[in-house]
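Asker: Starting off with a structure, shown below.
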Amino acid sequence: LLSQFDPDNTGYISTEKFRSLLQRHGSELDPHKLEVLLALADSNSEGRICYQDFVNLMSNKRSNSFRQAILQGNRRLCSKALLEETGLSLSQRLIRHVAYETLPREIDRKWYYDSYTCCPPPWFMITITIVAFFLYNGVVLDRFVLQVSHPLYLKNALLYHPQLRAQAWRYLTYIFMHAGIEHLGLNVILQLLVGVPLEMVHGAARISFVYVAGVVAGSLAVSVADMRAPVVGSSGGVYALVSAHLANIVMNWSGMKCQFKLLRMAVALICMSFEFGRAVWLRFHPSAYPPCPHPSFMAHLGGVMVGITLGVVILRNYEQRLQDQTLWWIFLSIYVIFVLFAIFWNIFAYSLLDLKLPPPP
């Protein structure tokens with residue numbers, strides 16, 4: 001339809017012609033998309049609309065140019081907020097709740113509510129929590145959790161141990177072991193309550209990247225800052241997600257319309273502080289296997305650093321392209337530099353410092 005309004009094939013049509021097109025065919029569009037299209041037309045100071053912006057909208061994709069057009073718009077969206085809509089089914093209310101829990105802007109919430117189809121479902125967080133934790137620990141190890149005093153605690157192929165740091169898979173697989181049922185329980189609760197809604201909004205690719213980046217940063221932080229200690233638990237990935245989510249809430253406080261947001265932040269911070277405090281206490285508690293100390297708490301701090309840098313950028317805007325963000329490249333470069341530094345540190349520093357490492361399990 002747009003081609004007849006652009007006979008010269010310039011890729012643009014005037015806003016007047018665009019409005020007439022909307023008036024003629026607006027009833028065929030979703031009301032939320034029609035609302036955004038009108039805002040796009042009213043916000044354009046050049047008097048013309050890019051055809052690609054229209055395609056991006058109708059195909060549920062957004063470019064930076066489209067987002068800027070909306071952000072600079074001079075027309076306030078006057079229809080009722082998504083929160084005020086009635087007659088929704090249980091699944092629709094759940095999607096609306098997730099939108100208000102994670103997104104600070106009404107236009108983003110409406111966009112997400114209109115386009116979310118639960119296909120694919122939030123498979124990453126559910127799989128890594130249920131299958132990886134419980135299936136492996138319950139079926140393979142014949143127990144859901146190994147206490148730090150259990151004879152098999154150090155004798156498994158998953159946890160990170162400084163003497164076995166050459167086995168590269170341990171920098172990832174340590175997340176499947178935990179130092180007690182309370183350690184496992186808190187991580188699972190935070191991972192599901194925060195990770196699943198975030199994945200529903202931002203997708204498995206973004207959330208898995210933040211999670212895995214936090215996991216790797218956690219084990220590498222231990223290998224650099226607490227060189228004699230092993231590490232277990234998924235706190236690196238969990239803290240990356242939770243800290244990124246909390247940082248976005250703080251940065252967009254006025255726009256966040258979730259109920260009891262202050263209480264929710266307080267509960268999350270209390271859980272994180274309790275689990276971190278327990279990890280610090282356990283690290284300096286007399287070990288059941290001297291001279292090997294109890295697990296390090298540095299993985300928590302590595303996850304937090306990933307969350308407030310890479311995580312904040314990734315979760316800041318819904319469906320915005322990361323390759324166009326300067327901060328993304330800055331933080332990604334810092335992260336890559338840290339990983340490379342940690343790799344060389346693991347190769348050379350242990351021998352140069354002549355550390356007395358605990359014997360291999």
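Note that Cβ sites are derived from N, Cα and C of the backbone, with glycine treated the same way.
What TrEMBL shows for this protein is this:
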| type | residues | note |
| --- | --- | --- |
| ACT_SITE | S235 | active site, nucleophile |
| ACT_SITE | H300 | active site |
| DOMAIN | 1-28 | domain 'EF-hand' |
| TRANSMEM | 123-146 | transmembrane segment |
| TRANSMEM | 207-225 | transmembrane segment |
| TRANSMEM | 231-250 | transmembrane segment |
| TRANSMEM | 262-284 | transmembrane segment |
| TRANSMEM | 296-315 | transmembrane segment |
| TRANSMEM | 327-353 | transmembrane segment |
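In terms of burial and nearby residues, how do these features look in this structure?
Answerer: Sequence-distant contacts of S235 (active site, nucleophile), defined by Cβ-Cβ distance under 8 angstroms and a gap of at least six in the same chain, are N187, G218, E275, F276, A279, A299, H300, G303.
The local packing around H300 (active site), expressed as other Cβ atoms within 10 Å of its Cβ over all shown chains, amounts to 26.
Sequence-distant contacts of the transmembrane segment (231-250) (same chain, at least 6 residues past either end, Cβ-Cβ under 8 Å): 102, 104, 133, 158-160, 174-179, 183-184, 187, 190-191, 194-195, 198, 207, 210-219, 222, 256, 261, 265, 268-269, 272, 275-276, 279, 295-296, 298-300, 302-304, 306-308, 310-312, 314-316.
The list of residues near the transmembrane segment (327-353) in space but at least 6 beyond its ends in sequence, with Cβ under 8 angstroms from a Cβ of it, reads 162, 165, 213, 216-217, 220-221, 223-224, 227, 306, 309-310, 313-314.
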Asker: With a Cβ cut-off under 8 Å, give me the same-chain residues at least six positions beyond the ends of the transmembrane segment (296-315) that come close to it.
Answerer: 102, 198, 202, 206, 209-210, 213-215, 217-222, 225-226, 229-231, 233, 235-245, 247-248, 251, 275-276, 279-280, 282-283, 322, 325, 327-328, 331-332, 334-335
Asker: Checking distant contacts: for the transmembrane segment (207-225), what same-chain residues at least six beyond its ends satisfy Cβ-Cβ under 8 A?
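Answerer: Those are 124-125, 128, 160, 162, 165, 170-172, 174-175, 195, 198-199, 231, 234-241, 244, 296, 298-303, 305-307, 310-311, 314-315, 335, 338-339, 341-343, 345-346, 349, in sequence order.
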